[in-house]
Amino acid sequence: MLLKTVSSSSSSALSLVNFHGVKKDVSPLLPSISSNLRVSSGKSGNLTFSFRASKSSTTDALSGVVFEPFKEVKKELDLVPTSSHLSLARQKYSDECEAAINEQINVEYNVSYVYHAMYAYFDRDNIALKGLAKFFKESSLEEREHAEKLMEYQNKRGGRVKLQSIVMPLSEFEHVDKGDALYGMELALSLEKLVNEKLLNLHSVASKNNDVHLADFIESEFLTEQVEAIKLISEYVAQLRRVGKGHGTWHFNQMLLEG
């Protein structure tokens with residue numbers, strides 16, 4: 001069997017020569033390559049199979065224009081706001097997602113405020129648990145950073161940041177039965193779980209509105225970190241329950257201070 005290509009100025013043909021002289025229609029085997037298949041017999045008695053590429057709808061996507069930017073961008077161009085009060089960057093960003101982001105910003109700031117109050121409490125001279133004060137101060141700063149990250153995202157998507165009221169937190173965290181260290185850490189664990197629940201609700205809003213980018217942002221920037229924080233504080237609660245309110249609390253405080 002011999003395979004050869006024959007070229008001309010207008011087209012090219014691929015010939016298949018079978019020296020056994022078997023006549024067989026192979027056109028069904030090549031539906032996407034050719035619509036014209038010819039069988040011919042030469043002087044030597046050999047059969048020659050040849051096909052020529054022809055223009056069809058199946059090859060338009062390969063050889064024709066599949067994307068016309070100036071034509072397709074026209075509808076987007078018509079939607080570009082002309083008012084200076086409207087965002088130019090906003091695209092497929094629902095009002096519900098925008099409102100949910102603002103609510104989460106408020107959650108992060110409120111939790112940050114509570115942690116800041118706890119930092120001030122444990123930093124008192126008559127409490128003097130500097131390790132716990134350090135931990136809650138860092139936690140407060142972290143929640144504030146989360147709020148700012150959400151604010152940056154809101155602006156990036158073309159939304160409007162609307163800060164809401166922050167509730168005044170408690171200033172006393174003394175607990176007669178548990179002790180202030182354990183009570184404070186249990187409160188922190190509850191707050192972290194609450195923040196995680198709020199983030200999951202925000203993710204649900206993003207999924208409901210088919211906002212893939214927002215969903216990915218929440219997953220990559222918040223959810224993993226939140227789960228890790230819950231695990232860490234859970235361990236701290238378990239350790240404080242084990243050591244009790246006395247000398248063990250002081251050692252736990254030193255661990256946080258030196259960590």
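Just so you know, glycine gets a Cβ as well, placed from its N, Cα and C.
Listed in Swiss-Prot:
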type: REGION; residues: 58-90; note: region 'Extension peptide (EP)'
type: DOMAIN; residues: 91-244; note: domain 'Ferritin-like diiron'
type: BINDING; residues: Glu108, Glu143, His146; note: Fe cation 1 binding site
type: BINDING; residues: Glu143, Glu192, Gln226; note: Fe cation 2 binding site
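Here the features listed in Swiss-Prot are painted onto the structure.
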{"residue": "Glu108", "record": "Fe cation 1 binding site", "DSSP class": "helix"}
{"residue": "Glu143", "record": "Fe cation 1 binding site", "DSSP class": "helix"}
{"residue": "Glu192", "record": "Fe cation 2 binding site", "DSSP class": "helix"}
{"residue": "Gln226", "record": "Fe cation 2 binding site", "DSSP class": "helix"}
Self-check item: Alpha-carbon spacing, Glu143 (Fe cation 1 binding site) to Gln226 (Fe cation 2 binding site), which is rounded to whole Å
Solution: 11
Quiz item: Which residues does Glu108 (Fe cation 1 binding site) neighbour through Cβ under 8 Å, counting only same-chain ones at least six apart?
Solution: Glu143, Arg144, His146, Ala147, Leu150, Val195
Exercise. For the region 'Extension peptide (EP)' (58-90), jot down how many residues DSSP puts in helix, in strand and in coil.
Key: 16 helix, 0 strand, 17 coil
Quiz prompt | Residues satisfying Cβ distance under 8 Å from Glu192 (Fe cation 2 binding site), sequence separation of at least 6 | solution = Gln226, Ala229, Ile230, Ile233
Self-check item: Other CB atoms, at most 10 A from the CB of Glu143 (Fe cation 1 binding site)
Solution: 23
